[in-house]
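Here's the structure we're looking at; comments come further down.
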Amino acid sequence: MQPSTNNYLRWLAADTALTLGSALRAFAIPALVFLATGSESRAGIIAAVAAFVSGACLLIGGVLVDKYDKRVLVLTQAAIGVVVIGAATAWASVFGLSFGLLLVLGVIMALRGGLLGSASDIWLRDIVPAQELPRRMAVNEGRDATVELGGGPLAGVLVTWHWAATFVTEVVLSAVGFVAAWRLRPAKTAAQDDVAGADAGAGTANGAGVDSGTDAGQANDDADVAATGVDAAGTDTADALALPPSDGEPLDAPAVEPPATDAPAREGNIAAAFAGVALITRHALLRRIAVLSVLFFPLVNGFLLYLLLATLGGGGKIVSASLFNSAVAVGALVGSAVATKLVERVAAGKLVAATFFLPAPLTLAVTLVPWLWLKLVLLVPLFFLLPAGNASFGGFMMLVIPKHLLGRTFAATGLGTAICAPLVSLGLGFLLENAGPTVTGLTLAACLALVASAALTSRVITGLPLPDQWEEYIDAHQLRPAEPV
């Protein structure tokens, strides 16, 4: 088994453990608040506060991910899970569950999510070769669908068994994530240590046989900060890799002198935090992608919320309403099983276009049909192409965005989504109450159609080729940022 595969499997184990732990807690805390207080409103308060805290920390989290060793950040995330969840469980065992304890726990874990939650995903860029990103991300999409499908029921079983069972399980999962991330440490040579110590390791390749000319290998841990953009060259590709010293040149001399203009460490704190926003605003493709992402996902998730509220408002049972998310998760899980083949054989532009287009007619049909079973059947393909589309689009964008700005750019998009999502929820709630379910569903379908049209009318997006042609496509269309950030 290749070293890069071993590293990816360790990363996948760490990321899966942390993702599953978060999914269990997301279900458990509101349920435990209700069990402890008997108040639905208090459960909603914790969810709202946690969402606000997490969203408010996204930009700062992007700075942390870009400026610091992502392995250390993932280890910190896992360690916080062990310590904080473990301490809360011990406290509740002695003094009992309370709203205050669960609120504090929810806020602390929301801080962890906002500041450190993106570190693992961005870290993947350093672990696998660039040409493998779509395939690896497709696997991750399948993992996420599996967690979505099974996380809620598993948390329900654990909470029913004992209030502490979910927390103890997350402590164990956090420990597993810590161990897996700890083991993901590339071998280092003495020469690399010396180069890194001199801050000359602008992407110095590790001892695992990384191709130094493709920016696809895993960076040496000591050079990880350099690889994120605080390096000598400040570029988003590995053409700035340190070269072997010539005869007579000291081993610890920098191979490339750092320019004084493009190291994020020298930016002001505010400018550094908003560097991703600045990149998006001046890059035409990133602007369009940001708008598409900020609107598409809240609208699709809002449609699922609409189905839940419309079903309950029409006198349906909560068990029936819960089937909508399960139907979507089944489609995503099936889609993830074939995502790797789709990514390898279908041009990325076609996958992305179909991913954006498919929800509009499906939501229209689901709105108009009266039978629950048919609604469920129509919902299954809603996210069928999402794993492949996300893998293709996400992998492509990781090559377009400068490496030292990945965290802040994705954080900026995440912040926009965090702002848009509650607005969509408020809007559909208002429409349901004042215009009825049919008008609300048709409005959501129309909005999704507009988003799809914005994607389909972009020749750059619809023309994306297969992954092995991305680098040439990026250069041919001059998609890399024109100046260092």
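Using the three backbone atoms N, Cα and C, a Cβ is placed for every residue, glycine included.
Residues or ranges marked as transmembrane segment by TrEMBL: 12-37 (among others).
Only residues 6 or more beyond the boundaries of the transmembrane segment (43-65), in the same chain, are considered here, and those with a CB under 8 A from a CB of the stretch are 29-31, 33-34, 37, 73, 102-103, 106-107, 109-111, 113-119, 122, 228, 264, 269, 272-274, 276-277, 406-412, 414-415, 418-419, 422. Residues or ranges marked as transmembrane segment in TrEMBL: 43-65 (among others).
The transmembrane segment feature in TrEMBL is assigned to 97-115 (among others).
The region 'Disordered' annotation in TrEMBL covers 238-262.
Annotation source TrEMBL lists transmembrane segment at 289-312 (among others). Same-chain residues lying 6+ beyond the ends of the transmembrane segment (289-312) with a Cβ under 8 Å from its Cβ atoms: 280, 318, 320-321, 324-325, 328, 356, 359, 363, 366, 375, 382-383, 393, 397, 412-413, 416-417, 419-421, 423-425, 427-429, 432, 437, 440-441, 444, 447-448, 451, 454-455, 461.
What TrEMBL lists as transmembrane segment is 351-373 (among others). Counting only same-chain residues 6+ beyond the ends of the transmembrane segment (351-373), those with a CB under 8 A from a CB of the stretch are 292, 296, 299-300, 303, 307, 316, 320, 323, 342-343, 379, 381-382, 384-386, 388-390, 392-393, 437-438, 441-442, 444-445, 448-449, 451-452, 455-456, 461-462, 464.
Among the features that TrEMBL reports, transmembrane segment is placed at 379-401 (among others).
Residues annotated as transmembrane segment in TrEMBL: 410-432 (among others). Only residues 6 or more beyond the boundaries of the transmembrane segment (410-432), in the same chain, are considered here, and those with a CB under 8 A from a CB of the stretch are 51, 54-55, 58-59, 61-62, 65, 118, 121-122, 274, 276-277, 280, 289-290, 293-295, 297-299, 301-302, 305-306, 309-310, 313, 439-440, 443-444.
Marked as transmembrane segment by TrEMBL: 438-456 (among others).
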Recorded stretch, among 97-115, 379-401, 438-456, maximising Cβ pairs under 8 Å relative to the transmembrane segment (12-37): 97-115
